[in-house]
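One structure below.
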Amino acid sequence: MTALAKLFRATAFRLALAILAVSSVGAGVVLAIIAWQVVAVVDEEIARTIDAEAKGLTDAFNHDGLVGLYSSIEARKRQPGASLYLLTDPAGESLAGNVEQIPLEVLERQGFIVVNYRTNGPGDRVRQALVRIYKLPPGFLLLVGHDLGDRARIEGVMVRALAVSLVFFAALAALGALFVARNVLKRIDDINTSAQGVMAGDLTGRLPVSGSGDELDRLAESLNAMLKRIGVLMQGLREVSDNIAHDLRTPLTRLRNHAEAALAYGDDPAAYRAALEKTIEESDALIKIFNALLLIARAEAGGGIDGQTAFDLAEAARAVADLYEPIAEEEGVDLAVDIDAPLTVRGNRELIGQTIANLVDNALKYGAMSGRHPGDPKPSIVVSARRVGDAVELVVADRGPGVPPEDRKRVLDRFVRLEGSRSRPGSGLGLSLAAAVARMHGGRVELADNAPGLRVRVILPAEHAPPALPAPVSGSVHEPVAG
Amino acid sequence: MRILIIEDDRDAAAYLTKAFKEAGHVVDVAHDGVTGYDMALEGGYEVAIVDRMLPKMDGLTLIGALRGQKNETPILILSALGQVDDRVKGLRAGGDDYLAKPYAFSELLARVETLARRRPAGAPEETVYRVGDLTLDRLSHKVTRRGEEIVLQPREFRLLEYLMQNAGKVVTRTMLLEHVWDYHFDPQTNVIDVHVSRLRAKIDRDFDAPLLTTVRGAGYMIRDGAR
Ligand SMILES: Nc1ncnc2c1ncn2[C@@H]1O[C@H](COP(=O)(O)OP(=O)(O)OP(=O)(O)O)[C@@H](O)[C@H]1O
Ligand SMILES: [Mg+2]
């Protein structure tokens, strides 16, 4: 848990750094733009002031000549917050003003320029000013300028603002990280703890939901719904295995009884042998049940099957019908196959053959036992198959008592045998196996009324490719070889 | 007949050894895949019985390796779970027959004995089978007994053909189902029995010397002078 806590703290720290970096860059850019704009406005203001002053001074020069100009400069330079003035004669000698030193070449330049200068008053230091040079006849130069101290002050203000906002953002980032750590990460941590409880085997455990309805809540709710579904499935599985255990008890008890009988008949070899034969028979039946259960379980797990080939369903069905034909005849049942043309399906011929065999076996066992119906010369079973759109439909229909509508789903379940069938041999797995095989192939089994009788439809997806050379799943190895 | 059993379960191997010896065969046993492979390569076995799950080298790999070395010893694969895919995989790997555990020894014995008969490879196929006064012509599909023609359904013909091909050997019901109907599932026992008794009615009923016999607890056998 401490490692996890460390990770959370690391996450929060990284988050804080990210917030800080992003917001300071943002603030820096914004402040820089504002500073640049403000400086431009200030410069413009200063330039206007300089132009206005120069106009006043040239007016004085035009009216009263050099004397007027001189006295104007002298008067103005004494005012507080004064501008800069410098008047030079054609020889370049300073005649009036308050500028001590200024690079001479400046005087040759046109327009507004930024220069360094020294005032000739107290507090003697280099300062910056915006100046402009005006030419007065016959050769005097008048420099008017304004100190740029204001501009520097604004820049200072901006830098301070940046510093202050950085501090502010750092605090904000820390708060954000704290919030995330407290709320989001803490909740993820809680969810994690609960999930570990579930993993440890407590399937009734649920993830905490804060009630805020945010993404985390939605995630937790989805996961909780999933847990609930898993719980239901587990419950179902438990019931199925309970049922299996229950249903296996009967044959196992019989097996045990036969073995016990064998012991009891110890001195009569014939009876001993018979009891042992019964025991073997019973265990063979159990093995068959297990194999069927395994196959059904596999179908339920949803895995497909290997060993799929394209084969002719008509041939497979005919082989089964042929297998059962003598028995049907012995029982006085008409077993007819009504399939024309090859019907190519893709799948496992073995399993589908077994399915057909199960259905024919049922039809013989249950469909024929009730004997004749008025109008029916003979109990009959029809195995038919045809293509219906994208599917191949195989039907085994009899004219016996049928299965009542309310039981038609139920009999597909494991071990379900209807009232009145229990006297006949069987374990109630024939139809479940048929349904499982159909499902493995992406199809299904449906029971319907054959009026009278039962009509079992096995619906399988048809092979799409044109029937090439339908090959049986196996058996090639057993081709008769002369010896 | 010399049989090689490659099986890691020592109890099962011991049981099989004893049972095959009682049936009159000579048995060698290997308990892992590598030893089994070496023994099989040395040759001289008419049949090998190979468990699918073996230490050191699993059954299918072993069979593939043997076939890669052009060793054609007939092989019967034993597998723990009788699943359909397993049988297909086993036969594809080069096995000749397949039996799922648990099995009846009579079934294994019958299969092993017919497997050995598959040799020698390359020998010309017989076209006429004869058992006593019964003959079956594989080309003209004609069956006669003591010169009298017997009319058989196609399925009955194949049943008889397979029985006569293995004349003198026990053929089990599942073997018949495999060869005549090309299905490997466990049939309701009497399904095959009814077919056989129909065939018997045609070939044996009107003659005093029955050829087709039932072997209790195992299957059927056709042979001259049965009973
Ligand atoms: N053709 C039918 N007519 C009437 N009832 C049927 C028919 N087929 C099946 N049923 C009913 O459905 C039940 C389930 O059939 P299913 O084939 O699954 O088991 P079973 O035949 O009893 O045993 P098993 O097939 O394992 O030997 C049967 O017990 C019977 O009650
Ligand atoms: Mg059934």
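Quick reminder: no glycine exception, Cβ is built from N, Cα and C everywhere.
Because TrEMBL annotations are produced automatically, they should be read as predictions rather than curated entries.
Feature annotations, reproduced from TrEMBL:
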{"type": "TRANSMEM", "residues": "A:12-36", "note": "transmembrane segment"}
{"type": "TRANSMEM", "residues": "A:157-181", "note": "transmembrane segment"}
{"type": "DOMAIN", "residues": "A:182-235", "note": "domain 'HAMP'"}
{"type": "DOMAIN", "residues": "A:243-464", "note": "domain 'Histidine kinase'"}
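Over the domain 'HAMP' (A:182-235) the predicted model carries a mean pLDDT of 84. Here the transmembrane segment (A:12-36) has long-range neighbours at 154-155, 158, 161-162, 165-166, 169-170, 172-174, 176-178, 180-181, 185, meaning same-chain residues at least 6 beyond its ends whose C-beta is under 8 angstroms from one of its own. Note: the domain 'HAMP' (A:182-235) comprises 39 helix, 0 strand, 15 coil (DSSP; helix = H, G, I, strand = E, B).
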